[in-house]
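Working notes for the structure below.
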Amino acid sequence: MQLGLSVSDSDVSSFTPLVVLELADDTKAEAITWLLNRIRDKQQNGGAELLVNQLLFPAQDDQKPNPNVFVVGSTLQRLLNGAEDVGLFKEFQDGTMRGFTYANRESFNDFNGDGEGFLSDAECQYIIKHELDTLRAKNEEHVPGYPKLKLYPGKSVVRRLQSKGVLNQYFPLHNKEDLKRLSFSWYKKFKLSFQPLDDIRHYFGEGLALYFGFLEYFTFALVPMALIGIPYYLFDWEDYDKYVLFAVFNLVWSTVFLEVWKRCSATLAYGWGTLSRKKAFEEPRAGFHGALGFNPVTGREEPVYPSSKRQLRIYLVSVPFVLLCLYLSFYVMMVYFDMEFWAINIYNEDPSIATSILLFVPSIIYAVVIEIMNLLYRFAAEFLTDWENHRLESSFQNHLVLKVLVFNFVNCFASLFYIAFVMQDMVLLRQSLATLLITSQILNQVMEAFLPYWLQRRRNKKVHKRMRRLMGDKELPLLGQVKLETEMNTYLGTFDDYLEQFLLFGYVSLFSCVYPLAAVLVVLNNITEVYSDAFKMCHVFKRPFSEPATNIGVWQLAFETMSIIAVVTNCALIGLSPQVKAYFPESDTQLILIVVAIEHVLLAFKFILAFVIPDVPKHIQVNLAKLEFDSLEAFKKRVSTHLYMCTYLSHANRKCGSLYDRPCQEVLQCK
């Protein structure tokens with residue numbers, strides 16, 4: 001049954017499709033009618049006041065197409081009002097970034113005429129997503145056609161449908177022309193230059209642009225480490241006394257690297273208008289469930305889940321599970337050492353080319369096992385974190401990040417710590433670090449770049465062949481584009497990307513003084529990572545919704561924690577140096593005390609350096625203070641105007657009776 005207008009390229013000119021909405025193919029007709037009416041209804045009636053049309057795909061011989069695919073758009077006026085609702089920041093005439101208001105629209109740069117082109121596609125799609133997410137139930141007790149799918153006043157309709165599988169997915173459409181220009185300037189030509197971060201932000205949003213900004217910054221920051229590491233590798237390979245200087249440089253580098261990144265991040269966020277943007281009120285997660293209760297903040301009914309139950313799930317189930325996984329990780333590590341000793345014994349009995357190659361086999365197998373264990377643990381951690389039933393997405397992400405980081409850190413670095421500080425075998429440490437680093441990079445490139453590219457290329461060929469068979473010579477690019485993008489993989493966010501960079505940072509900051517080429521390998525990996533990630537974002541994944549971001553969030557804390565661990569690790573490695581040990585031939589205790597004292601001094605120096613280097617550049621601090629002052633002055637002016645009007649109308653009310661009675665009450669309410 002056709003519930004909306006069927007859309008082809010000849011009649012889609014009524015509005016520009018920005019977002020695709022796909023319901024389950026067996027969704028009840030009354031539920032679809034109700035949802036479309038709510039999306040189209042006026043805001044004052046509780047609707048989203050958006051434009052939505054149905055896409056009808058031609059019938060296929062081998063499979064029945066999903067009839068419940070819709071495209072969503074909006075009028076320009078609605079988008080401009082929505083930009084004010086979401087607190088979008090745009091460049092003001094004085095060059096500062098200010099919250100957009102429709103009343104002052106003429107005072108913003110690039111606002112010409114009726115505002116056509118003022119908002120980017122990504123901003124328009126973000127506004128539409130916000131309006132869909134905040135579409136709330138009114139007096140409905142359940143979704144029409146689904147008596148068991150309960151609703152209550154204030155419940156997010158889209159989140160409810162999504163959590164119950166009625167809404168399969170909704171995602172923003174790619175803009176072919178903008179994507180083509182971005183692809184050409186981003187990855188289609190190999191060049192040693194900065195990435196087009198402003199273009200990436202314009203197309204994908206601030207969250208993704210900040211990740212690529214961090215990836216670029218991390219890569220350039222590694223160049224000094226790589227340049228110093230090459231001569232260390234070539235001339236001082238077997239002279240472990242020389243790695244003391246490299247370890248000291250490592251400590252200073254890791255601190256300065258993170259502190260300067262904060263300034264770079266603040267500069268980017270200020271230029272994009274997110275640094276001073278107020279964080280929106282966070283709604284409950286789509287999967288959050290509980291008994292119906294009352295939210296004292298919003299005044300709405302919503303599910304309530306006791307915090308005590310969540311804490312019991314965390315400490316009685318999640319924590320023991322994580323500890324069990326850590327135990328299994330240690331067990332696998334000991335099996336790896338048994339294999340390593342076996343390979344070394346074979347080589348000692350019969351030194352040859354074959355047995356020398358055999359020395360690397362245990363480390364390669366262990367690196368592959370580490371990647372598999374990390375992958376399996378990730379699924380388990382997501383399931384557990386979801387089962388803990390966190391109310392907010394930020395709380396869910398923080399608990400998930402903590403679980404994953406703890407396991408990945410132990411799984412990837414425990415063997416290196418054991419070799420360095422228990423076995424104290426620097427040759428084996430260098431060999432294991434090199435093998436783990438190289439193998440993990442190869443596996444990541446295969447799993448993250450080549451495999452998704454190959455699968456998507458096959459999928460694209462099938463879709464194009466099917467659409468050509470169905471449509472013949474008739475050109476329907478919109479139907480083909482929507483069909484292709486609905487079958488693309490969904491980009492799950494920057495979590496895995498930051499996790500990979502976190503582990504690479506660990507390899508460099510913790511043990512690179514033993515293997516100076518670590519920074520060189522990470523630089524090469526990140527260069528290929530930029531191009532492979534750029535290609536994936538443009539051609540493998542669905543276009544993600546733009547997400548405003550001020551910084552890299554919890555990952556900043558994760559990197560800083562790793563840098564503190566690096567101080568302890570490098571100080572311990574310095575203490576194990578034969579050159580340092582020679583100064584304390586008879587007293588290990590004195591050596592340990594001196595190493596601990598140096599470690600504390602370096603930590604103090606690290607924290608002083610972090611304090612001395614401001615997180616936000618001075619000129620940005622001045623601009624933010626100026627904006628805050630202007631906002632306060634504008635508020636005072638509005639208040640004084642309201643007070644004057646109230647006094648004037650009250651005086652007029654006494655003279656003229658009830659003539660000004662109603663206006664005076666309205667002004668008093670404004671006050």
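Positions of Cβ are set from backbone N, Cα and C atoms, glycine also.
All annotation found in TrEMBL is predicted automatically rather than curated by experts.
Annotated domain 'Anoctamin transmembrane' per TrEMBL: 200-625, in sequence order.
Marked as transmembrane segment by TrEMBL: 208-231 (among others).
Long-range contacts of the transmembrane segment (243-261) within the same chain: residues 214, 217-218, 221, 224-225, 228-229, 232, 236, 508-509, 512-514, 516, 556, 559-560, 563, 566-567, 570-571, 573-574, 577, 579-580, 602, 606, 609-610, 613, 615, each at least 6 residues beyond the stretch ends and with a Cβ under 8 Å from a Cβ of the stretch. Taken from TrEMBL, the feature transmembrane segment covers 243-261 (among others).
Taken from TrEMBL, the feature transmembrane segment applies to 314-337 (among others).
Long-range Cβ contacts of the transmembrane segment (357-379) within its own chain (Cβ-Cβ under 8 Å, at least 6 residues beyond either end) map to 325, 328-329, 332-333, 336, 339-340, 342-344, 346-347, 404, 407-408, 411-412, 415, 431-432, 435-436, 439-440, 443-444, 447. Summarising the annotation, TrEMBL assigns transmembrane segment to 357-379 (among others).
Annotation comment: TrEMBL describes 400-421 (among others) as transmembrane segment.
As annotated by TrEMBL, transmembrane segment applies to 502-524 (among others).
The transmembrane segment feature in TrEMBL is assigned to 554-577 (among others).
What TrEMBL records for 589-613 (among others) is transmembrane segment. Within the same chain, residues 251, 255-256, 258-260, 262-263, 563-564, 567-568, 571-572, 574-575, 580-581, 583 sit at least 6 positions outside the transmembrane segment (589-613) and bring their C-beta atoms closer than 8 Å to a C-beta of that stretch.
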Stretch contact, the transmembrane segment (208-231) with the transmembrane segment (400-421), Cβ-Cβ under 8 Å, 3+ pairs:
no
Of the stretches 314-337, 400-421, 502-524, which racks up the most C-beta pairs under 8 Å with the transmembrane segment (554-577)?
502-524
What same-chain residues lie close to the transmembrane segment (314-337): Cβ under 8 Å, and 6 or more beyond its ends?
362-363, 365-366, 369, 373, 377, 380, 384-385, 387-388, 399, 403, 406-407, 410-411, 414-415, 418
